[in-house]
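*Asks:* Dropping a structure here in structure tokens format, bear with me for questions.
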Amino acid sequence: MSEFDELKYLTGFGNEHATSDPRVPDALPVGQNSPQKCSHGLYAEQLSGTAFTAPRSQNQRSWLYRIRPSVIHRPFEAMKENDQHWTNNFSSIPPNPNQYRWNPFPLPTKEGVTFVDNLYTVCGGGDVISRTGLAIHQFSCNASMEHTAMYNSDGDFLIVPQQGALEITTEFGRLLVNPQEIAVIPQGIRFSVAVRGPSRGYILEVYGTHFQLPDLGPIGANGLANPRDFEAPVAWFEDLDVEFTIINKYQGSWFQAKQGHSPFDVVGWHGNYVPYKYDLKKFMVINTVSFDHCDPSIFTVLTAPSVKHGTAIADFVIFPPRWGCADNTFRPPYYHRNCMSEYMGLITGCYEAKEGGFKPGGGSLHSMMTPHGPDFNCFEMASNADLKPQRVAEGTMSFMFESSLNMAITNWAVYQNVDKDYYKDWQPLKKHFTMPK
């Protein structure tokens with residue numbers, strides 16, 4: 001059993017937390033942020049997640065009390081090898097409106113592949129320079145990052161492990177993230193990923209905004225992802241005087257710098273700009289108890305809003321186990337043409353509308369206004385099913401990244417692992433129309 005299996009967490013979404021490593025319980029200053037001399041010879045450093053003048057209800061920042069300030073490092077140099085399958089530049093990619101489905105992305109075939117070594121971009125839209133957009137990536141690895149940390153200057157990472165637990169060390173402390181859990185690492189926070197074996201998963205990256213809980217409207221004060229179930233790390237530090245590599249994703253490109261100490265030297269911190277995790281199995285599902293199929297927005301876990309009210313740069317939506325009991329209703333998802341782009345992934349089990357070709361570790365993209373919906377077998381079965389109450393999606397967990405932006409498929413993903421027969425899922429659908437007599 002690893003130390004990570006025994007971790008304790010701070011609870012609550014967006015809370016104003018305060019924590020010190022138990023080895024130095026008085027690390028935080030009392031009544032101020034930046035004393036003339038911090039206790040134990042620590043340095044005070046603020047990490048800003050929003051503009052200073054953002055409304056107080058939206059303002060995000062944390063104060064870190066660390067052994068050395070982050071500014072102690074040698075100059076950054078470009079890392080060309082990391083740009084091979086990664087991009088945040090979608091403007092030059094040819095458009096492609098077809099339905100796409102990818103088979104499970106392969107695990108590494110050679111040893112020593114870390115999280116940061118094997119990140120590859122599937123699709124995305126927007127722009128990191130103007131800081132409005134998103135990108136969807138996959139990762140696969142089989143080795144831990146040793147004396148290496150990374151951070152994203154462009155935006156937030158929402159990490160969805162599909163196979164293998166991730167032991168994530170951050171400046172704020174440590175997180176154990178298992179499949180069917182997610183982690184969010186906000187912009188600028190340094191972190192390192194250790195694994196226990198072959199691991200893979202998905203990443204939703206957003207720039208120019210942060211994830212927040214969706215409004216509940218008429219649902220009321222409770223439901224969906226409850227704030228109390230989000231977990232942030234307690235302070236933990238290491239005082240290591242060894243060479244570390246700091247990897248920085250900046251304007252969609254990769255850079256690295258060397259420094260002579262661990263970046264995970266924060267002895268205490270307070271604030272509301274933090275990394276966090278969430279167990280998807282704790283999601284409280286809302287569904288119809290009368291008739292018709294509810295829109296998938298009722299399954300939203302987190303949203304990254306755009307400047308247009310009610311419209312997201314990205315929503316993170318899940319389809320967890322639940323009861324289906326709608327009367328006189330076609331219960332699977334309906335046929336749809338959407339003004340949003342929909343990327344789907346599968347963590348475990350099978351997806352209710354496509355039980356055959358959609359496998360854990362794979363994905364699908366239905367671009368803006370591209371038709372999609374249940375395959376032939378699903379339609380035939382659901383149209384003739386006995387409409388008794390039954391469990392839906394039992395033993396499965398699928399998810400969707402939905403965006404108001406057009407998404408371009410990268411040149412790499414157009415050809416890699418593609419299910420070229422995906423369109424055939426709908427070809428057997430029959431004409432059932434009969435004219436009235």
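Every residue, even glycine, has its Cβ placed from backbone N, Cα and C.
Relevant sequence annotations retrieved from Swiss-Prot are reproduced here:
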REGION    15-34  region 'Disordered'
BINDING   H336, E342, H372  Fe cation binding site
*Asks:* Grab the same-chain neighbours of the region 'Disordered' (15-34) for me: Cβ-Cβ under 8 Å, and only residues 6 or more beyond its ends, written as numbers and ranges.
*Replies:* 40, 42, 44, 46, 63, 65, 173, 232, 234-237, 267-272, 274
*Asks:* For E342 (Fe cation binding site), write down the residues of its own chain that are at least 6 apart in sequence and whose Cβ falls under 8 Å from its Cβ; none is a fine answer.
*Replies:* L365, H366, H372, M400, F401, E402
*Asks:* Just give the helix, strand and coil counts over the region 'Disordered' (15-34), going by DSSP.
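*Replies:* The breakdown for the region 'Disordered' (15-34) reads 0 helix, 4 strand, 16 coil.
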*Asks:* Which of these binding-site residues has the least crowded Cβ, counting other Cβ atoms within 10 Å: H336, H372?
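*Replies:* If we count Cβ atoms within 10 Å for the binding-site residues H336, H372, the smallest count is at H336.
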*Asks:* Give the sequence-ordered set of same-chain residues, not counting H336, E342, H372, with Cβ within 8 Å of the centre of the Cβ atoms defining the Fe cation site.
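*Replies:* What remains near the Cβ centre is P333, R337, N338, H366, T370, P371, G373.
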